[in-house]
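Step one of this worksheet: look at the structure below.
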Amino acid sequence: MTADAAHPADTAANPADNSGPLAESPFLLACRRRPVPRTPVWFMRQAGRALPEYLRLREGVPMLESCARPDMIVEITMQPVRRYGVDAAIFFSDIVVPLKAIGIDVDIKPGVGPVIADPIRDAAGLDALRPLEPGDVPYVTEAVQGLVGELGATPLIGFAGAPFTLASYLIEGGPSKNQERTKALMYGDPDLWDRLMGRLADITIAFLKVQVAAGASAIQVFDSWVGSVAPEDYRASVLPHTRRIFAALEPLGVPRVHFGVGTGELLGLMGEAGADVVGVDWRVPLDEAARRVEPGKALQGNLDPAVLLAPWETVERRARDVLARGRTAEGHIFNLGHGVLPSTDPDVLARLVDLVHEAGSTH
Ligand code: CP3
């Protein structure tokens, strides 16, 4: 097989093969709950405003424009890998990129987040959500292919937003503290809710498949704001849709990570949705999280990102505690409990990576 003829998924480096340097990377081994030479570590939002080189590159380029330029995507994705030596790269994009790609009028306002010009609140609004085709996001395919070449044995994590979190932006029209309109629709019009969630799940599946087809070795589904939903409502109104996403990805053979904020009461259900790895925020210690998920799941997390603003001695003590508790899980990927805060000192993140690596293996 010649290299140029091979689709990334056909090469020996394909993580689905369970062989080759990529498949033997600590991150993919931990996702599969296999023994690791050292605990792998990466950070949600490791690319971004904490890095001066990111701020320089992004100067004058709107967020969503940078997500449509393969050269910028590749460079921004690589920046934290070079600087920190993390065990995985996460594709530089945003959860609203596939929505923009199908024609939704969405902008990311600095310091605010995604803002939707015409919120979706009725059946007519659903028409705006057409299916996503790979041809809608050629820049994603091109950037993933470029990244896989540059990253070598470091895995690339593809990602997408989960339907609930995407629905919350579409319904509220922007960021929202309590997702009240979203939940009102979920409670009050289950039929419209299911149709909306179904369309969003299809878009998420298509966006993730594009990334895996181009060579991403794992995927993470962010349901950042689903923590506002009670377990029984999650089971009835959210779980069927996320379960369909993870089931659709299963044949691709890449590990699937599922993460949300404030999801302590939902960890078991998020595992049941079909994730291989459950991401945990900082509110639930990992040993307790390990009890809350069913057997057969690895955990990812969960140092409070705000700890990184405290003196190093505190960071070290807290990080060692996360590692110790992570040892009780079947597999552990060290991460923060949510994204890197923009005011974080990059040198502290670099030191934290070294600490996790030097602490050795937790499994
Ligand atoms: O390094 C990485 O983790 C990859 C990049 C990434 C971004 N967004 C880039 C980004 C990822 C994984 C996301 C996912 C995302 N986007 C989520 C889920 C993860 C989470 O944090 O819970 C959510 C909820 C969004 C929506 C969104 N986009 C928010 C809330 C914001 C922040 C707004 C702000 O300015 O504070 C964005 C913008 C965004 N996405 C930035 C980055 C680097 C900042 C924009 C900038 O640098 O100008």
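Backbone N, Cα and C atoms are what each Cβ position is placed from, and that goes for glycine too.
Checking TrEMBL for region 'Disordered' across the ranges 1-20, 21-40, 281-300, 321-340 points to 1-20. Going through Ser217, Ser224 against TrEMBL, the one listed in the substrate site together with Arg45, Gln46, Ala47, Gly48, Arg49, Asp94, Tyr169, His338 turns out to be Ser224. Residues in the domain 'Uroporphyrinogen decarboxylase (URO-D)' (157-173) partition by DSSP class (helix H, G, I; strand E, B; coil) as 10 helix, 5 strand, 2 coil.
Of the recorded residues, Arg45 (substrate binding site) and Asp94 (site 'Transition state stabilizer') place their C-alpha atoms 10 Å from one another. Separating the Cα atoms of His338 (substrate binding site) and Asp94 (site 'Transition state stabilizer') is a whole-number distance of 15 Å. Taken residue by residue with DSSP, Arg45 (substrate binding site) is part of neither helix nor strand, so it is coil.
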